[in-house]
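As given in TrEMBL:
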TRANSMEM  A:16-35  transmembrane segment
TRANSMEM  A:47-68  transmembrane segment
TRANSMEM  A:88-108  transmembrane segment
TRANSMEM  A:120-141  transmembrane segment
TRANSMEM  A:147-167  transmembrane segment
TRANSMEM  A:225-245  transmembrane segment
TRANSMEM  A:280-298  transmembrane segment
TRANSMEM  A:310-332  transmembrane segment
TRANSMEM  A:338-358  transmembrane segment
Amino acid sequence: MNTTNLTIKPTMRIQAFYLFFIMNSIQTGSGIMGVPRYIFMEARQDAWISVLIAGLLVHLVMAAMFAIMNHYENTDVLGVQTDLFGKWIAKLLGTIYIIYFFFVLLSVTMDYIQVVQTFIFPRMSAWVLSLVLILLIVYAVMSGLRVAVGITFIFFFLSLWLLIFLYKSIAYMEITHFQPLLEASPSELLRGARHTSYSYLGIEILFFIYPFISNKEKAKLPAHLGLALTTFFILLVTVISIGYFSPGELPEQVWPVLVLFKIVEYSVIGRFDVLVVTEWMMVILPNMILLTWIITYITKRLYHVQQRKVLYVVAVLLLIGAGITKHEYFILQIIDTVAATGFWVAFVYPLVLLPLVWMKSKWKRRKRGGAKT
Amino acid sequence: MKKRGMRRSNSKELLPSSIENLKTKLQEAMHNNPDFQIRDFEIGGQRVLVFYISIIVKKQQLNDNILAPLLKGDKQWTTQKLINALPLGNNVAQTKLNEVVDALVQGSVGIYIEKESELITYPIPDQEKRSVDKSDKESTVLGPQDAFTESLTTNLNMIRWRMNTGDLVTEKLLIGERVPTEIRLVYLKNLANKEDVQTMRQRLQDLVVDRIEDATPLTYYIEDSSTSIFPQFYQTELPSRFSYSLSMGRVGVLVDKSPTGIIAPTSLFSFFESTEDVFMRWNVGSFIRILRFFALIISAMLTPAYVAALTFHYEVIPTPLLTTLGASRAAVPFPPVFEALLLELLIELLREAGARLPTKVGQTIGIVGGIVIGQAAVAAGLTSNILIIVVAISALASFTAPSYLIGSTIRVIRFPLIILSGFLGLIGIMASICFLIIHLLKVTSLGRPYLLPIYPFVGKDFSKTFYRLPYYFNLKRSFSYKPQDMIRYPKKKARKMKDIDD
Amino acid sequence: MKRLIFVCFCLLLSAGCAPTYPIERLGIINTIGIDSDSQDSQALNATYVYFQFDPNAKNINEIVSSKAKTLKGTREKANVKSNFQLVPGKLRVLMMGRPLAEKGVASILDTLVRDAKITDTMYLAVADSAAGNVLSEVFQRSTTNVGTHLYQLIDTNVDQEILIRTTLRDFMHKYYDIGNDPVLPLISVVEHMPSIERMALFRDETYAGDISVEEGFFIKLLSGRYQAGRLELSLPIDEFENIRQKDTDQREEDSLFLSLSDLRSHNSIKLVSKKEVRFQSDIKVQARIMEISEQLELDKEEVVKKLEKVIQKDMERQINQLLDKFRELKVDPIGFGSIYNAKHPITQEEWRKLLSEMKLDLNLNVNIIRQGIID
């Protein structure tokens, strides 16, 4: 904590181009299953404009994050905070990050369990499902960031094929659902954009993963592309959902994206939605693994606790948290809270941090200049 | 190696010594072995001692090339004169008892001339070995058919002939504290990645065991992770495959008395490559290779999918299939998991029995088991007939893997998958797939990631791993293992597109 | 630690594993017939046709009826009567009795949509009388497999573009859309076999009237496109007086019968005037003549042109008749309302009022491209 700059062993570094997959995987998780509904409730048939607005804003936030990180040689946000606010406030802020990430993780887990219980096993215990997920997470995080990134990379391709099967719902789309254009007021559009925040969460990972990147000069492009892909995914499912569902129908769907797959049927596979829900495990696992890794990493950085021990504690807490919740409204409440907090932590905080970093460096320079003269 | 060196330095100095003294010392060292022969000649008033273990030296050579020149005439011999007179190479001058014993047990003949300061040994070992034969385990249709034998010299001979370049290095190492076995580290000096060679050498040198049974157990001592179910070194019987890998910059290990060559580093996918793919036309070869990957997936997933669908997800089964499946399942008294495990076990039993029995009986067992038992099981209502097809397909698919090791790995993986699918359905299958992928990401082979070229991603190598391309696209070697020289052959002058009728 | 985790895992697996649905113990519901009860207007009568896998049973289908207040309730009641666990995962056809359809079906369909196990691609249909009677009559009196038969009856006809696609998805979509009404096949029993005789028109969720299957052709012509449709027409014969080859055919009939096949159509509807509620529809039809009751010289251009013109006129007449019927019943299966709504948002009630004033300018263009292998 004393030194701002981190030295990462060469074997632990990752190539910049994996940032594309990291950014995309951590954002595409449980949020995207339900996001069209929330945006639609605010911006109606112009929801897709909201998605574009949100995408642009998130790109700005990411640019701000890069600006902050580039100010330092090789550090993460914890180092930045120590540099700006001193040791104790930085520790407090870091702890907030830990708690925040834990709740994001919890909400993802609970949401997926909820989906499985609704679509496949209505009577299956949440304990079993969360145990299965947590064992996988523990097994993966045990080998550190390199393996976590590998999982992200491979699972990205293994779940990408799901997109192909949206073709059938595209065929069912009605153009009239998008008309009349530009009905929504700017404030409605912005509110719609804000509702995408849960799906864009995870961008903060850049703050922590940045020191691990070996070729930093090339980091910006893949990260922004990954973000653009997320925007594209959200845009795609939003557009298809608006076209596919009637305006009266969409606000009633809890997971409109999964329902889109309900009309896919083949002579070999009778039902596709079951497969999609199962396959979704590959979409959320990288998400959960990266989040868990961040939690263990921050704790190690802040409190010098062994990552392994933190991992066990997180696993047990997650198991208890996901196991005992049963009620849908409670889960929705947690997700809403996480989404609201995430909006401030992930998107507003970097924008606040950036001017502070600028001010500090200016002040430093003036001080140094003053000392010289 | 260091330890063994230490043992040597402790050994007693044998010479100089009197003839009688030497005789008793040698007899003692050989524990009065009845096969140990010491012949005491008197030539020109000088006593010459010739000693050897009679059953492991070539009698013909001994008589013609050693005894005949030695006994001809009444010359006064010195060691140097003898070396010049005998028509044999690789003589070794020895002074230490232990070294002499080591040489003798490896088939050397020792000659001592009275009053000389050292004795000389000539290795003329007579090794019983079978002739070079076709490979049973890795049979190919196209390409060379010869296989390694148990003799290291023969194996090295085959490799040398295939790779007659001065670049080929065969480093000799001895492993085994009690019974040392000769091991050769084989690689191309100017091609193989130096780091890989060093790692392999280091691992072999650091190995302390009493004895190595064969090349296969040797891999278990030196591989990266012994808890993993996946083999991390490729083992092959085919000199063609071995030398092909060497020419791609891999490191090979040959073990004396073992018909198996070890190749490292390997990735998971190289277990699905066969040398045949190289001999095939590129498009046919690609098709067959992709077919094998499908076979892997089918073999591991088909039975678990059956169990999951029938236990939990009836809605996934298409309606026409549902009626046939339901009708055949209706009479079966067990749950699908149990049914599937039973049948998979039956197939494994058949395979094991077939492998243990002589070829002809094995075939009979296969037919009896496959047809008679299968039919009877359906008729008796123990299994559904669709499951028989499912299990047969997945067993068949598992045998398409060119490497026997990976084939058995897949067959074993199937069992936990079936059990998990019986508990958690598709979620269980998906969780196990995720687990397998995470596990494969953790495994390394000689320190290199096991899932190369997927992760870390090396897109250029896809044409070497998953499919094949015409030769003019394959100018370079596999990038994943960082050989010293990437270029296989220079790019030809641009292949111009000719116009029609040009 | 690892061993502890493993033990925990095994314990949880054995204790909390998912409830199994081994297919041999399931009664897999294939078709449901729902009626409102004749005595108790609140109650539902449901008839379930399901697959059962009993090695001793001759018929793979079984039928069971029950009565309850909710759809789920009827299933529980039916379960008591069956030795198999009734599950809805492979439900393919839902048939509603006409009396029930007249009352409204939204609440029943909402139950189906809410259940994740039920597929969105199942077909809906209306029975001519009580749905339960249709199912049980076919089940008892005919040897056919009633569950799959009904599904295939609708499915093949939809595939051949004789029927409009009427899945649950389509119904809900049209029901929720403003200015669009669903259409369902109306099934009656002819000689103990189910048969699609007419099409049922819905006003929102309630049955409003019916039209013939032939008239149903024009709904699709106006609202969608044909890839390979077919149409039978009877044209007044006087129109062809000059070009008819009398010597070859002595029959004296007052109509010319004609069958068009491989009919491709393309159509676009625009709102021309908001005030007059006037729409304009451009329809292009391309077809092949496969059957004609009179000998015409079809290799001559003017004959073909004449024929096209007469066909055009006749189709326009039929479309206008159909539209009159729609105006009268205040239904909009073609979806003029959604086109209106896309330009000028209105509510469903407002559109119902406007519907009777709706006008359509037809711009029909028929093109005959082939006439088989003989002229």
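Yeah, the Cβs are placed from backbone N, Cα and C, and that goes for glycine too.
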Per Cβ pairs under 8 Å, the stretch of A:16-35, A:120-141, A:310-332 packing most closely against the transmembrane segment (A:147-167): A:16-35
In contact by Cβ distance (the transmembrane segment (A:16-35), the transmembrane segment (A:120-141); 3 or more pairs under 8 Å): no
Closest-packing stretch to the transmembrane segment (A:225-245), where packing means Cβ pairs under 8 Å, from A:16-35, A:88-108, A:280-298, A:310-332, A:338-358: A:16-35
Segment proximity, the transmembrane segment (A:88-108) to the transmembrane segment (A:310-332), 3 or more C-beta pairs under 8 Å: yes
Chain residues in Cβ proximity to the transmembrane segment (A:16-35) (below 8 Å; excluding those fewer than six residues from its ends, i.e. six or more beyond): 107-108, 111-112, 115, 149, 152-153, 155-156, 195-196, 198-203, 205-206, 209, 213-216, 218-219, 222-223, 225-227, 229-230, 233-234, 237-238, 254-258, 280, 283-284, 286-288, 290-291, 339
Folded-back contacts onto the transmembrane segment (A:280-298), same chain, C-beta under 8 angstroms, at least six residues removed: 22, 25-26, 28-30, 33, 78, 94, 97-98, 101-102, 104-105, 108-109, 112, 115, 133, 136-137, 140-141, 144-145, 148, 151-152, 155-156, 158-159, 162, 202, 205, 208, 258, 307, 310-311, 314-315
